[in-house]
Amino acid sequence: MELLRVANLSKIYGQDSTKVVALDNVSFTVARGEFVAIVGASGSGKSTLLHLIGGVDRPTEGTVFLDGQNIYSFNDDQLAIFRRRQVGLIYQFYNLIPILNVTENITLPLDLDNRQADPEKLARLLARLGLTQRQDHLPNELSGGQQQRVSIGRALITEPALLLADEPTGNLDSAASAEILALLRQANRDYQQTIVMITHDLEIAAQADRVIEIEDGHLVGDVQ
Amino acid sequence: MTILHKIARRDFKLNRKRSIGTIVGITLSVALIMAVATMLTSLRQTLIQREIDMSGYYHIKLSQVTPQQLKKIRQNRDFKQIKTTSDLGVAAFDHADAAVEQSPLLTLQSLNATKPTASGYHLSSGTWPQTDQEIVISESAMLASGLKIGDQLQLKIGKPTVKKRKLPDSDALIEQATVVKGKNQNFRITGVLNADNYGYQGLTSAAKAKSYTVYLALKDPQHFRRDLPELLGLSNYHQVREGKKARYRYSLNDGLLHWEVLQFSDKTMLMLVTVATIVIAVIMLTSIFCIRNSFAISITEKTKTYGMLASVGATKKQIKRIVLLQSGQLGLIGIPLGLGLGVLASYILGLVVNHIGSQFLFGRANSFQLKFSWIGLLIAVVLGWATIYFSASSSARRASKVSPIAQIRNEQDVKLTSKNLRVPKWIQRVFKSGGVLAYKNLRRSRKKYRTTVISLAVSVFTFIAMSAFVTAAFNFSYQRFHSLDFNLSFSPNYAGMALKSAKTQAQIQAITKLPDTKHVQVMTALADNGNLKLAGVENHLAPGLTARDHRELQLLALDRTAFRKYGRANGLTEQQLASGLILFDNDTQTVNGKQINVHNYRYQAGDLISGSYQDNSSSPHKKYQAKFRLSGVTRKLPDMVSFYWTMPSILIADQQVAQQQLPLVLQSIVMDASKPEDTIREVRKITLQLGSWNLDGQIREEKTMRLLISIFLYGFIIVITLIGITSIFNTITANMALRQREFAVLKSVGMTKKEFDHMVNLETLFYSLKSLVIGVVSGIGVALLIYWGFNRGQAEQVHYQLPWLAIGLAIVFVFLLVFWIMRYSLRKFNRQNIIETIRKENV
Ligand SMILES: Nc1ncnc2c1ncn2[C@@H]1O[C@H](COP(=O)(O)OP(=O)(O)OP(=O)(O)O)[C@@H](O)[C@H]1O
Ligand SMILES: [Mg+2]
């Protein structure tokens, strides 16, 4: 069953001499529960695509449907609420709030929604992320892998329809990478979490249900 | 506590330094407004108190009020205080100086259990009368009678009468008035009244009265324009001013009304309002700008955080909420601190003022009174909050305009253009590779530097404008304060001290010989303020002038020494001066909007001037003819003349020459006395006909006033400068902090310290030059505006001076300050670990 539909998505940065077509008329769909990897050379437009799917940027043309809803028909506030409830975004650089500790960073989307995190669920999540010992630490007291696990926690806490990850392991060594990947796979397997993940690593991509390849802003490959 | 509160609170704590910078900015701005308001309110209160001390607490004084009328007045609810003294009539007493042509009558009043000071009476020595047997009399009466405290004084109390015609009591001052039929009564003198008014006065404490003098203080002085006409039975305040015939005889206490109601002559008011408006506008703008700036910066610094919040689903409203909460916290600390600081500064200033000598300024027992300004508080709080609110929400709005991802990348303030740049050769040569980097930085991300340049420019602008204000304020007060060559002036209270009278001659002689005096100068004039009617003036007039308007000229005469000194000072020779007549001739004309000095007459040295004079004070009117050869024409008046007269043309004669042809009367005697008080006493012993004017006190008062104004104004400049510095400091350090990562990267790829220095040097040059150009130009503009304000409605114009000193200071100061702050930030950065910095930015 279709969860995500990317429809004729284009993104152009800059004007005239500095104009860059980062995405050029990209369309595809993702079914619920799918684990999709996006691969491509550096600068091919992967991050741009992911940001557009996640609603943190606005496309030049085309749109994105999630659960049948055109997310770019939303106004800014609706879009914010969409981000808060429907997507979990994981960046290559973790983008945590430096002034909030681990637990607070993780529960931030719920807090913004004035919802309380279920303590049991939170504890389970922290345990799954291996952060139980670290729950009161500030981000700058954590290692890169730990920070990335916090951002995964933040993405999972709302049980979003769609989990987006931009090279979540790009900054980590192989052991830490394997850990993160295991976490994502577990979420996908145990909770039927739909995941769209960017990666450079073909080995990691091989573990996905499906690999989409992008080149110069075009979709050039889609392998099951 | 919601997550929003938590974020706001945490952020405030973790970014303590930036928070403190912002708080300092708010505090100083609020303090400045508060201090200015407090000082103004206090000054006004002090001046009100001074007026009350000097003339008593009343707004209107009614004379000769009957008991019935008084009853009615007492029922009037408009009055806060009603004080009365009873009129006991006028009285004759034994006069030592019987030859004085002044009426020897004394106006006798009785205190009605009223505190005498409430009616503006003061004792210079002794005690107040307690019974109807005791009396205090004015200083002049004391001297006239030759009595001392404790002596008995016999008064003949009755009605003033001239040539058998009875007059109202108020006419006791009329010459030759006497009391024909009266009741003799004896009093013991208990004190000396320090009365400034003319005429002899006595104050006793009797129960009975035929009529009253009533001192009325209004409940609501702001409405005096409504209340006074009502009281007097007139239709409007204009009629009150005109002295129309009213229900009562009255006089207004203008001194008190000035300050209580802030009503001045239209011209003074216009000047005050204009200058105050400009200055307050500058203060407010600076304060608002400083606060706004602090916020804009701290919000720029947090953009990334806001972006992250937005990317996990924080709505605009929520982000705005966080910004406002953070601002609120800063305001909550900064505003009360500012209020306190402002009041404290005023308090200290008050102490300083009192220490320097408020007695010269605010009257005898009066000191500078600190009065809290509620309006100031309100303005400071409202303005502070409003500025914080609007600058915070506008920054938040700006922040939320861009997409979360752009915020995370900190894009909106760094609108980079990758245009091709050719770096000028000289930059490469002088500033090396660091300079090249800086240059690219400055050219490619202009917006990022705009805040810094603007904040510098505003500080420069304010500094220059306010310095100009201070200079103009000084010039203004200097112009009021002439440096005269005398400190004491005497002039007859009544006309008629004819020079040819032997008695006048003797008195002048005696005064000239008084000890402890220098430069005694005597000025005489034609009797009855008469003019000399010039013959054949038609042939000696400037084109366009009619003889009708310029035929008559005032003639004043100086004693020979003074005349010669004046002549020599204006370039005339002894030979020329021998003929004994100088024409002062200096009029102004406006030509093409510019004022120029012109002569009205075409007379030249050596011309024969003849004229006639008719003495209207003699009966029958005597006519005199006079003929002089002109010694010369001048453009400046002698000080002693200009002290009394300002006319475009005046004849100044040598007294000895003029005396032979014209009847002269004493006009004034001036001198430089080393013990002015003593000299006044001595002169009183010689004659009571001369009123004294002691400029010594005035000179001292002006000097103290100037000192105070300078303390006040320079304090003001210092605070404004501090605000500017805070604002500059906040902007530059924030800007540098924002570039930490960039620096760390540069450092990590091997940029040396020296190259960083080059970079900083070029940026310093850029910021300073750009902001100085903007700041100096606009500063000069507002300086012009301030001069214009001072000159509005003023006869004497303050001349515009370019604020060179301020400009010079600003230039030096800006360069040093920017350089120092940049270095400071760089040093702080240099101490940090490269990777730490990069990492910190990457969480
Ligand atoms: N804010 C921007 N302004 C201008 N051009 C941009 C901007 N962001 C990205 N680009 C350009 O868009 C193109 C795609 O960028 P994007 O970040 O999507 O690439 P990517 O596939 O994620 O690369 P990488 O694997 O290196 O992360 C690039 O050529 C980049 O130069
Ligand atoms: Mg990328």
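Cβ atoms are placed via backbone N, Cα and C, with glycine included.
Database features, via TrEMBL:
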| type | residues | note |
| --- | --- | --- |
| DOMAIN | B:19-199 | domain 'MacB-like periplasmic core' |
| TRANSMEM | B:20-40 | transmembrane segment |
| TRANSMEM | B:269-291 | transmembrane segment |
| DOMAIN | B:278-404 | domain 'ABC3 transporter permease C-terminal' |
| TRANSMEM | B:330-352 | transmembrane segment |
| TRANSMEM | B:372-392 | transmembrane segment |
| TRANSMEM | B:453-474 | transmembrane segment |
| TRANSMEM | B:707-732 | transmembrane segment |
| DOMAIN | B:716-833 | domain 'ABC3 transporter permease C-terminal' |
| TRANSMEM | B:772-790 | transmembrane segment |
| TRANSMEM | B:802-822 | transmembrane segment |
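Proximity of distant same-chain residues to the transmembrane segment (B:330-352), defined by a Cβ-Cβ separation under 8 Å and at least 6 residues beyond the stretch ends, is recorded for 12, 19, 22-35, 37-39, 42, 368-370, 372, 376-377, 380-381, 384-385, 388, 711-712, 715, 719. Tertiary neighbourhood of the transmembrane segment (B:372-392): same-chain residues 26, 29-30, 33-34, 36-38, 40-42, 284, 287-288, 291-293, 295-296, 299, 323-324, 326-328, 330-331, 334-335, 338-339, 342-343, selected by CB-CB distance under 8 Å and a gap of 6+ residues from either end. Looking just at the domain 'MacB-like periplasmic core' (B:19-199), the mean pLDDT is 77. Per DSSP, the domain 'ABC3 transporter permease C-terminal' (B:716-833) is made up of 98 helix, 0 strand, 20 coil. Residue counts for the domain 'ABC3 transporter permease C-terminal' (B:278-404) under DSSP, split into helix (H, G, I), strand (E, B) and coil, are 110 helix, 0 strand, 17 coil.
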